Amino acid sequence: MDATTSGTPTIQYHNIPDQPITAIVVANVPTFQRNQRHCYGDSSPGEFPLAANPSIVLHVLTACNLDPQDLAKLEATCSFFRQPANFSPDFELSISELAAVDMCQKRAIFKPMTDEERRELKQRCGGSWKLVLRFLLAGEACCRREKSQAIAGPGHSIAVTSKGVVYSFGSNNNGQLGHGTTEEEWRPRPIRSLQGIRIIQAAAGAGRTMLISDAGQVYAFGKDSFGEAEYGVQGTKLVTSPQLVESLKNIFVVQAAIGNFFTAVLSREGKVYTFSWGSDAKMGHHTDPNDLEPRPLLGALENIPVVQIAAGYCYLLALACQPSGMSVYSVGCGLGGKLGHGSRTDEKYPRLIEQFRLLNLQPVVVAAGAWHAAVVGRDGRVCTWGWGRYGCLGHGNEECESAPKVVESLNNVKAIHVATGDYTTFVVSDEGDVYSFGCGESASLGHNAAADGQGNRHANVLSPELVTSLKQVNERVVQISLTNSIYWNAHTFALTESGKLFAFGAGDKGQLGIELVNNQTERVNPERVEIDLC
């Protein structure tokens, strides 16, 4: 089974308010006395004295995969979970901290870390193993790390199975499919040269593809520049097979995001590095704009761990994990208000989007479209901001919003995932339903609108509408990916919990993975792509 979050239900302690982990840990909670039976018991028949069986308690906590917030609430509820457990290798750690360490050990990116690297990560996350666990879980949830995924790039597509096998199809004029040729392919093909390498993340840009292995190495192919052809910036050579990015060999990368004229990568420690390609915007570092070396993003995020990055047209969003909670930072071009700071000014260094605090919303997933952005909160609310053309913000109009605004018409929906493209937005609910709004060109919204008097079947949608065509596939959708480029007709992928992939929208370059006949250029209704991503 494949889902975006753990299938283990979270234990709720209704008598304790939802607080940041650190606030719970340092709270002035009185020590419970031995005569309180819920902790220690008094040797009465049938009672289970926790203090006499700490190893069993530790095993139960670890096996249940409790949320870090639940572990913190246990500490706040009972002194047994706060006091040193006297277990090796660190006798000073509490039962809750030891459980968090054990659960961290299960995470793929944590296992290969040295003791020193783990200590540094712990310090970077705020000095608690519960905070490290929260950091790791947050990255897995929002990036589908270690899970199957599909990427609807500009004219070409990438699909990654849960076993790390990569399929590519669509436009290939720059070798961006990685098959060693520049021939267009409509039928999904595995990239043979990656045999034996497990890929866990993928990113697709205009004529360019980047893949990340479970060893943190980055492979790139396609054109060697991220400039758009319309601006006369083309790469000097084409790479038609995956090549290791030498400049990133000393950085353990877990995610990449390709924007216009730049790309960014995220390390397993939560550090962000950016590259600039011929743009005046230096994206948070002081080097020459033509510098091709990865440079750490300076400013507010230097000492704050980031769990997810998202790139749009000349701007970058970063979802940060702090002891006080989750937050979003933005940097780059502010045109259309897409940086979310209440203005349209550019930002050379990452700046905290403060509106989420005013909305009392904890961001858990962030998406960057070409000109607008979106966030899903922990409570399932969806916020959008930026250029509202064609209704892509979902507020019932085409007005711009320079600060995050809750999509009121989704108040009865608990969202778990959001995806943005060129003036289009998709939201996935916890029940697997899909809603879309924005530009209706290329049939990429999936609504199959009836033709108007001029024969136009691609109506714009100003407020979220249920994608009924995806309801008919009788599969729970867990991920949506759509084209995020201003120069390409859009297409959309819907990935289901069972690993089935459905595609609709523009298919003129074979990017749907479906053969089109009789001069067709698009698919209005979702159609199964013959790849098993489980």
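Cβ coordinates come from backbone N, Cα and C, glycine included.
Feature annotations, courtesy of TrEMBL:
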- 148-482: domain 'RCC1-like' (DOMAIN)
- 164-215: repeat 'RCC1' (REPEAT)
- 216-269: repeat 'RCC1' (REPEAT)
- 270-322: repeat 'RCC1' (REPEAT)
- 326-379: repeat 'RCC1' (REPEAT)
- 380-431: repeat 'RCC1' (REPEAT)
- 432-498: repeat 'RCC1' (REPEAT)
- 499-534: repeat 'RCC1' (REPEAT)
Mind pulling out the one from 164-215, 326-379, 380-431 with the most Cβ pairs under 8 angstroms to the repeat 'RCC1' (499-534)? 164-215
List the helix, strand and coil residue totals of the repeat 'RCC1' (326-379) as derived from DSSP. 7 helix, 25 strand, 22 coil
Helix, strand and coil residues within the repeat 'RCC1' (164-215) as assigned by DSSP: 3 helix, 24 strand, 25 coil
